[in-house]
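The disulfide bond feature in Swiss-Prot is assigned to C31-C128, C60-C154, C67-C167. Residues or ranges marked as N-linked glycosylation site in Swiss-Prot (evidence: sequence analysis): N70, N77. Marked as signal peptide by Swiss-Prot on the basis of sequence analysis: 1-30.
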Amino acid sequence: MAVPASPQHPRGYGILLLTLLMKALAAAAACNHLRPQDATFSRDSLQLLRDMAPSPPQPCPQHNAPCSFNDTVLDTNNTQQADKTTHNILQHLFKILSGPTTPAHWIDSQRQSLLNQIQRYAQHLEQCLADSHTRSRTRWPHNPHLTINKHFSCLHAFLHDNDYSACAWDHVRLRARAWLLHIHDLVRNTRT
(Lines of atoms letter the chains of each structure in order from A and count residues from 1; the text may use other names and numbers.)
(Lines give C-alpha, C1' and ligand atoms only; values in the text may rest on other atoms or scores of the structure.)
Protein backbone atom coordinates (compact mmCIF):
# COMPACT_ATOMS: atom_id res chain seq x y z
CA MET A 1 0.00 0.00 0.00
CA ALA A 2 1.35 3.41 -0.95
CA VAL A 3 2.05 5.84 1.81
CA PRO A 4 0.26 9.14 1.29
CA ALA A 5 2.56 12.07 0.73
CA SER A 6 3.08 14.19 3.76
CA PRO A 7 0.88 17.26 3.65
CA GLN A 8 2.59 20.42 2.48
CA HIS A 9 3.20 22.85 5.28
CA PRO A 10 1.00 25.95 4.89
CA ARG A 11 4.11 28.13 5.12
CA GLY A 12 5.38 26.47 1.91
CA TYR A 13 2.32 27.77 0.06
CA GLY A 14 2.83 31.19 1.60
CA ILE A 15 6.43 31.32 0.36
CA LEU A 16 5.35 30.25 -3.13
CA LEU A 17 2.56 32.83 -3.15
CA LEU A 18 4.92 35.54 -1.87
CA THR A 19 7.47 34.66 -4.57
CA LEU A 20 4.83 34.92 -7.30
CA LEU A 21 3.54 38.22 -5.93
CA MET A 22 7.06 39.67 -5.72
CA LYS A 23 7.74 38.67 -9.32
CA ALA A 24 4.50 40.32 -10.49
CA LEU A 25 5.28 43.43 -8.43
CA ALA A 26 8.79 43.66 -9.89
CA ALA A 27 7.40 43.34 -13.42
CA ALA A 28 4.79 46.02 -12.76
CA ALA A 29 7.43 48.32 -11.28
CA ALA A 30 9.59 47.84 -14.37
CA CYS A 31 6.87 49.57 -16.43
CA ASN A 32 6.41 52.49 -14.03
CA HIS A 33 9.54 54.16 -15.39
CA LEU A 34 7.62 54.89 -18.58
CA ARG A 35 5.20 57.32 -17.00
CA PRO A 36 7.46 60.39 -16.59
CA GLN A 37 9.02 59.70 -19.97
CA ASP A 38 5.58 59.32 -21.57
CA ALA A 39 4.78 62.92 -20.73
CA THR A 40 7.71 64.37 -22.65
CA PHE A 41 8.66 61.82 -25.31
CA SER A 42 6.36 63.08 -28.07
CA ARG A 43 6.94 66.77 -27.37
CA ASP A 44 10.73 66.33 -27.21
CA SER A 45 10.75 64.13 -30.31
CA LEU A 46 8.66 66.60 -32.28
CA GLN A 47 11.07 69.39 -31.32
CA LEU A 48 14.09 67.30 -32.37
CA LEU A 49 12.36 66.41 -35.65
CA ARG A 50 11.65 70.09 -36.30
CA ASP A 51 15.26 71.02 -35.45
CA MET A 52 16.86 68.25 -37.52
CA ALA A 53 14.80 68.63 -40.67
CA PRO A 54 14.21 72.17 -41.83
CA SER A 55 12.12 72.62 -44.94
CA PRO A 56 13.91 71.75 -48.18
CA PRO A 57 15.89 74.55 -49.87
CA GLN A 58 13.40 74.70 -52.76
CA PRO A 59 9.60 74.44 -52.51
CA CYS A 60 8.24 70.94 -53.09
CA PRO A 61 5.38 70.07 -55.40
CA GLN A 62 2.34 68.74 -53.62
CA HIS A 63 2.37 64.93 -53.57
CA ASN A 64 -0.85 62.97 -54.00
CA ALA A 65 -0.86 61.83 -50.37
CA PRO A 66 1.08 58.63 -50.99
CA CYS A 67 0.94 56.01 -48.30
CA SER A 68 -2.22 57.22 -46.62
CA PHE A 69 -2.98 55.64 -43.28
CA ASN A 70 -6.29 54.95 -41.55
CA ASP A 71 -5.45 55.90 -37.98
CA THR A 72 -8.61 54.33 -36.57
CA VAL A 73 -6.70 51.02 -36.40
CA LEU A 74 -4.74 52.63 -33.55
CA ASP A 75 -7.81 53.14 -31.36
CA THR A 76 -7.28 51.19 -28.14
CA ASN A 77 -7.64 51.69 -24.43
CA ASN A 78 -5.48 48.68 -23.63
CA THR A 79 -2.08 49.73 -22.30
CA GLN A 80 -0.25 46.60 -23.49
CA GLN A 81 -1.73 46.90 -26.98
CA ALA A 82 -0.77 50.59 -27.09
CA ASP A 83 2.77 49.80 -25.91
CA LYS A 84 3.15 47.09 -28.53
CA THR A 85 1.83 49.38 -31.28
CA THR A 86 4.05 52.25 -30.12
CA HIS A 87 7.06 49.92 -30.10
CA ASN A 88 6.27 48.81 -33.66
CA ILE A 89 5.97 52.42 -34.86
CA LEU A 90 9.22 53.40 -33.15
CA GLN A 91 11.09 50.52 -34.76
CA HIS A 92 9.90 51.64 -38.19
CA LEU A 93 10.69 55.31 -37.52
CA PHE A 94 14.17 54.38 -36.34
CA LYS A 95 14.79 52.26 -39.42
CA ILE A 96 13.63 54.88 -41.92
CA LEU A 97 15.32 57.86 -40.20
CA SER A 98 18.62 56.08 -39.62
CA GLY A 99 19.17 55.26 -43.28
CA PRO A 100 22.20 56.62 -45.13
CA THR A 101 20.14 58.46 -47.75
CA THR A 102 18.77 61.28 -45.61
CA PRO A 103 19.01 64.72 -47.23
CA ALA A 104 22.16 66.79 -46.90
CA HIS A 105 20.29 69.78 -45.46
CA TRP A 106 19.17 67.79 -42.40
CA ILE A 107 21.20 68.49 -39.26
CA ASP A 108 22.93 65.24 -38.39
CA SER A 109 23.53 65.97 -34.69
CA GLN A 110 19.80 66.59 -34.19
CA ARG A 111 18.96 63.46 -36.18
CA GLN A 112 21.29 61.43 -33.94
CA SER A 113 19.62 62.91 -30.84
CA LEU A 114 16.20 61.97 -32.20
CA LEU A 115 17.38 58.45 -33.06
CA ASN A 116 18.87 58.05 -29.56
CA GLN A 117 15.61 59.18 -27.99
CA ILE A 118 13.57 56.80 -30.16
CA GLN A 119 15.93 53.94 -29.35
CA ARG A 120 15.84 54.58 -25.58
CA TYR A 121 12.05 54.75 -25.50
CA ALA A 122 11.75 51.62 -27.66
CA GLN A 123 14.11 49.76 -25.31
CA HIS A 124 12.02 50.78 -22.29
CA LEU A 125 8.89 49.57 -24.06
CA GLU A 126 10.64 46.35 -25.06
CA GLN A 127 11.52 45.64 -21.42
CA CYS A 128 7.98 46.43 -20.33
CA LEU A 129 6.53 44.19 -23.04
CA ALA A 130 8.90 41.36 -22.09
CA ASP A 131 7.88 41.68 -18.44
CA SER A 132 4.18 41.75 -19.27
CA HIS A 133 4.59 38.83 -21.69
CA THR A 134 5.77 36.63 -18.80
CA ARG A 135 2.55 37.47 -16.93
CA SER A 136 0.08 37.30 -19.78
CA ARG A 137 -0.10 35.06 -22.81
CA THR A 138 -2.91 37.06 -24.43
CA ARG A 139 -2.38 37.46 -28.15
CA TRP A 140 -3.10 40.85 -29.62
CA PRO A 141 -4.64 41.41 -33.01
CA HIS A 142 -2.10 41.67 -35.80
CA ASN A 143 -4.20 43.93 -38.03
CA PRO A 144 -2.84 47.24 -36.66
CA HIS A 145 0.72 45.97 -36.98
CA LEU A 146 0.21 44.71 -40.52
CA THR A 147 -1.32 48.06 -41.47
CA ILE A 148 1.63 49.91 -39.91
CA ASN A 149 4.12 47.61 -41.65
CA LYS A 150 2.43 48.18 -45.02
CA HIS A 151 2.45 51.95 -44.47
CA PHE A 152 6.18 52.05 -43.75
CA SER A 153 6.90 49.73 -46.71
CA CYS A 154 4.99 52.22 -48.85
CA LEU A 155 7.11 55.08 -47.46
CA HIS A 156 10.33 53.19 -48.29
CA ALA A 157 9.04 52.57 -51.83
CA PHE A 158 8.02 56.23 -52.14
CA LEU A 159 11.54 57.35 -51.20
CA HIS A 160 13.07 54.90 -53.68
CA ASP A 161 10.68 55.85 -56.49
CA ASN A 162 11.54 59.53 -55.96
CA ASP A 163 15.30 58.91 -55.84
CA TYR A 164 15.48 59.88 -52.16
CA SER A 165 14.95 63.52 -53.12
CA ALA A 166 14.74 66.29 -50.53
CA CYS A 167 11.04 66.66 -51.34
CA ALA A 168 10.38 62.94 -50.83
CA TRP A 169 12.20 63.14 -47.50
CA ASP A 170 10.12 66.19 -46.57
CA HIS A 171 7.00 64.07 -47.08
CA VAL A 172 8.53 61.37 -44.85
CA ARG A 173 9.35 64.04 -42.25
CA LEU A 174 5.69 65.10 -42.24
CA ARG A 175 4.61 61.46 -41.86
CA ALA A 176 7.11 61.03 -38.99
CA ARG A 177 5.53 64.04 -37.31
CA ALA A 178 2.10 62.42 -37.73
CA TRP A 179 3.40 59.16 -36.23
CA LEU A 180 4.81 60.98 -33.20
CA LEU A 181 1.41 62.58 -32.71
CA HIS A 182 -0.21 59.13 -32.97
CA ILE A 183 2.18 57.90 -30.27
CA HIS A 184 1.21 60.86 -28.09
CA ASP A 185 -2.47 59.97 -28.50
CA LEU A 186 -1.87 56.28 -27.78
CA VAL A 187 0.01 57.10 -24.59
CA ARG A 188 -2.48 59.74 -23.47
CA ASN A 189 -5.46 57.42 -24.01
CA THR A 190 -3.97 54.53 -22.05
CA ARG A 191 -1.98 56.27 -19.31
CA THR A 192 -4.57 58.76 -18.04
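Even glycines carry a Cβ here, placed using N, Cα and C.
For the pair N70 (N-linked glycosylation site) and C60 (disulfide bond), the C-alpha distance works out to 24 angstrom.
Summary for the disulfide-bonded residues C128, C154, C167: the Cβ-based neighbour count within 10 Å is maximal at C128. For C60 (disulfide bond), the nearest of the recorded positions N77, C128, C167 in terms of C-alpha separation is C167. If you take the Cα of C167 (disulfide bond) and the Cα of C154 (disulfide bond), they are about 16 angstrom apart, rounded to a whole number. Between the C-alpha atoms of C154 (disulfide bond) and C67 (disulfide bond), the distance comes to 6 Å.
For C128 (disulfide bond) paired with N77 (N-linked glycosylation site), the C-alpha to C-alpha distance reads 17 Å. C67 (disulfide bond) and N77 (N-linked glycosylation site) are 26 Å apart (CA-CA, integer value). Annotation for C67 (disulfide bond): same-chain Cβ neighbours under 8 Å, separated by at least 6 residues, are H151, C154, L155, F158, R175. The local packing around N70 (N-linked glycosylation site), expressed as other Cβ atoms within 10 Å of its Cβ over all shown chains, amounts to 8.
A helical conformation is recorded for C154 (disulfide bond) in the three-state DSSP classification.
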